[in-house]
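Annotated features, as they stand in TrEMBL:
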- 345-450: domain 'FAD-binding FR-type' (DOMAIN)
- 37-56: transmembrane segment (TRANSMEM)
- 86-106: transmembrane segment (TRANSMEM)
- 134-159: transmembrane segment (TRANSMEM)
- 192-212: transmembrane segment (TRANSMEM)
- 233-255: transmembrane segment (TRANSMEM)
- 275-294: transmembrane segment (TRANSMEM)
- 301-318: transmembrane segment (TRANSMEM)
- 324-341: transmembrane segment (TRANSMEM)
- 563-585: transmembrane segment (TRANSMEM)
- 605-626: transmembrane segment (TRANSMEM)
Amino acid sequence: MVARGWLVVARGNRSFSSLIRKYSLKREMNKKVIKNVIKLLTMVILMGTVVIWIMMPTSTYKKIWLKSMRANLGKSIYFGKPGVNLLVYMFPMILLAFIGSIYLHLKKQTTVNQFNSGVERKKRDKFGALKRPMLVKGLGIVTVTEVMFLTMFMSLLLWSLANYFYYTFVTITPQTIPIDGDNLWQARLDSIAVRLGLTGNICLGFLFYPVSRGSSLLAAVGLTSESSIRYHIWLGNLVMTLFTSHGLCYCIYWISTNQVFQMLEWDRTGISHLAGEITLVAGLVMWATTLPAIRRRFFEVFFYTHYLYMVFMLFFVFHVGISYALISFPGFYIFIVDHFLRFLQSRNNVKLVSARVLPCETVELNFSKNPKLMYSPTSILFVNIPSISKLQWHPFTIISSSKLEPKKLSVMIKSQGKWSTKLNHMLASSDQIDHLAVSVEGPYGPASTDYLRHQSLVMVSGGSGITPFISIIRDLLYVSSTSACKIPKITLICAFKTSSDLSMLNLILPISTEISSYVDIQIKAFVTREKVSTCNMNIIKTLCFKPHSSDRPISPILGPNSWLWLASILSSSFMIFIIIIAIISRYHIYPIDQSSKKYTSAYTSLIYLLAIFISVVATSTVAMLCNKKSYYNKKDQNIDVLSPLMIESSPGQLLPEFTNIHYGERPNLNKLLVGLKGSSVGVLVCGPRKMREEVAKICSFGSAENLQFESISFSW
C-alpha cells in the first residue's frame, strides 16, 4: 500500500512538472508572437516615417499631401495648424518609443539558454559581417551597418537640398521677379537661406535621440548612449553647419538690400528673426567648446556651456513657431522624459559602504545595491560627489556583476583629470573619512549582451580600458557556475604603462576560489615602460564608511519592470499633453484666432512647452512614487560593510597558472589575433584610439572572417 501511494505521488509530480513545462512553453510562444507583431508594426511605422521624410522637400508633398492634411486636420478647433505635424511627425515616434519599451520588457525575460542555442548562434552570425569595421580613420571606427545608415541619411540630406535648390532656381527667374523688387541673386539667396534652415531642421530632428541614456529606441536596436554619442557629434556638426549657413545667407541678404533692421524684428504671428539669432549664438557657443583642444583641456567649460541647449531649443521654437518645431520635437520629447527621470534619481544620496585605493592611483568604490536592480556587463554609472564638485557628473564603468553580486555595485576610477585626482588624493591621504556623500544616475548600458554566441572571446585593453572586461568576466563566471551553457574561452590581453597598474588585475575576480572548473581564462599582461616590477601590488588601502540613515542603496528608478513603466510614462504623458492642448486651444486660443487679432505665436509656443513639461513631470513623478516602496525595502539595505567577495592578493598569487606578465614590451596584436581558431571569435577592444584602430584594422582583413569586432569606447 505504501509503495502504491508513493507511485501515485510520483505520477502526480510528473504530471505537475509536465503541466509547468507546457505552461512555460506556451508562455514563451505567446511572447514570441507578440514580439513578431511588434517587429512588424515597427517596420510599418518606420517605412511610413521614411516616406514622409523623403517626400517632405517635394512639391507633391507641399501642394497635394500637406494641403489635403491641413484641409482635414488643420482646421480643427482643438489643435489647429499644429495638429498636422503633431499627428504626422510626433505621434509615430512616440508610438515607436512606446512599442520599443514593450519589446524590451519581453526581451528581458528571455532565458540564457536561448542565447547559446545553435539556431540562435547561426542566426546572429549571419549578421556578423555587418558589424565588421569598414572605415578605421577619419570618422573613427565605422562598421558596415553604420556606413549604410550614414549613406542613407546623407542621401536624404542631399535629396532635400537638391529638391529645395531646384525649386529655387526654377521658380525664381528674371521673369518672375517684380520690377521694383530684389535683384535675381538676392531673391535666390533669400530662398536658399530658407532651404538651408529647412534641411538643418531634419538633422535637428535626430539630434537628441543618441543622448537619451535610457531611451527604448536605442536599446531596442542594440545601442547605448555611449556607443551612439558620436552620432550626436556628427548630427551636431551638420545642424550647426546648416544653421550657420542659414544665418550668414540672411545677414548678407539684409545688408545687400539695406534691411539690417530686420535682424531685430520679432514678428507677433510669423517668423521671429531676433529669436533665430539668439538660437544661433547659443548654438555657436556650444559648437565652439566641442573643439578637441577646448573640450579635453577645459572639460568643465564644455560641460557647462552645453546647458545652453535649453536656450537653443526655446528660442528655436520662438523663431519658427510651434507648428513647424513639432517636426523636430519627438527626439527632444523623449530626451526630456529621460532627463527628468535622471533628475529624480539624482536627488538621493546612495549608500557608499567601502573603497579601496590601489597603488596605481586608482580607486574602487563599492555601493550597496538593491537586489532588484539588474544591469548588463559594460554598463556605466554617473557619479557626483558634492564635496569635490556639486555640479560635475562623471561616468565610470561598473566592474561588478548584478547576477554574481546582487547586493553590491562597484566602479573603478582611474586618476586622469582634476575631479578623479582630487578623489584619489582625498581617500589616499586620510584615514579619518567615515562617510562620503555620493549621488548617482544609472546604470546605463546595453539591454542585453550576446557574448555566449562566440566560441572564444579575446579582450584587448589599454590602461583603465580593462574595466568593462572585468564585468564581462564576472558575468560569464556566474553563468558558468549556475547553468549548463558552454562558456567561451577567454583571453585577456592588457597593456599597462607601469607595474603598479597591474594591481587593477586584482579586481577581475570577486572570489578567490578555484575557477578552472568554471571558465577557461588566460591573461597576457604587458608592462611597456618597465623591464622589472618596481611596485608592491599588495599595498592596497581599504576604507570602510558608515552610511547615514538617509542614504539608500542604488535602486532602479522605475523598479524591476522599468521598461513597462517607461512605456506607461511615454503614453500617459503624451495623452495628457494632447488633452491639455486640446482644452486650451478650444477655449482660449481658437476664440482669439477667430477675432480680428491673431493669437501671438510666442504665447502659443510657450503653452505647448509648458504642457509638455507639466505632463512629463506629473507622470514621471507618479511612476517614481509608485515604485518608491519597493526601492527602499529595509531588508534590502542590509549589506556587509566589506563584502567577502573582495580580493586583496596580486594577480601572480591569485592566478599563477592563468597569468603571463611581459615587461618592457608592447603586445604584438597582429601576431596575437591573426590565425585564431574557431568559427566565431569575439574580439573586444577598449583603450587608446590607436589601439582600437589597430585592432579594427586587423579584424577588417578578409583573412580574418572569423573575428567579430566590437569596440568599447568611453572617450570621444
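Yeah, the Cβs are placed from backbone N, Cα and C, and that goes for glycine too.
Automatic prediction, not curation, is the source of TrEMBL annotations.
Small disclaimer: the values here were computed from a predicted structure and weren't measured.
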Who are the long-range neighbours of the transmembrane segment (86-106) in its own chain, taking Cβ under 8 Å and residues 6 or more past its ends?
31, 34-35, 38-39, 41-42, 45-46, 48-49, 52, 69, 73, 79, 205, 215-217, 219-220, 326-327, 329-331, 333-334, 447, 561, 563-564, 566-567, 570-571, 574, 578
Quick test of the contact rule: Cβ under 8 Å, at least six residues beyond the ends. What residues does that give for the transmembrane segment (301-318)?
204, 272, 275-276, 278-279, 282-283, 285-286, 289-290, 294-295, 325, 332, 391-392, 601-602, 605, 608-609
The transmembrane segment (605-626) vs the transmembrane segment (192-212): 3 or more CB pairs under 8 Å:
no
Pop the mean pLDDT for the domain 'FAD-binding FR-type' (345-450) in here, whole number is fine.
89
Could you name the stretch, out of 134-159, 192-212, 275-294, 324-341, 563-585, with the greatest number of CB pairs under 8 A to the transmembrane segment (233-255)?
192-212
For the domain 'FAD-binding FR-type' (345-450), what does DSSP give as the number of helix, strand and coil residues?
13 helix, 39 strand, 54 coil
Of the listed stretches 192-212, 275-294, 324-341, 563-585, which one has the most C-beta pairs under 8 A with the transmembrane segment (134-159)?
192-212
What residues in the same chain, six or more past the boundaries of the transmembrane segment (192-212), come closer than 8 Å to it by Cβ-Cβ distance?
53, 57, 89, 153, 156-157, 160-161, 164-165, 167-168, 218, 223, 225, 228-229, 231-232, 235-236, 238-239, 242-243, 245-246, 249-250, 253, 316, 320, 324, 327-328, 330-332, 334-335, 337-339
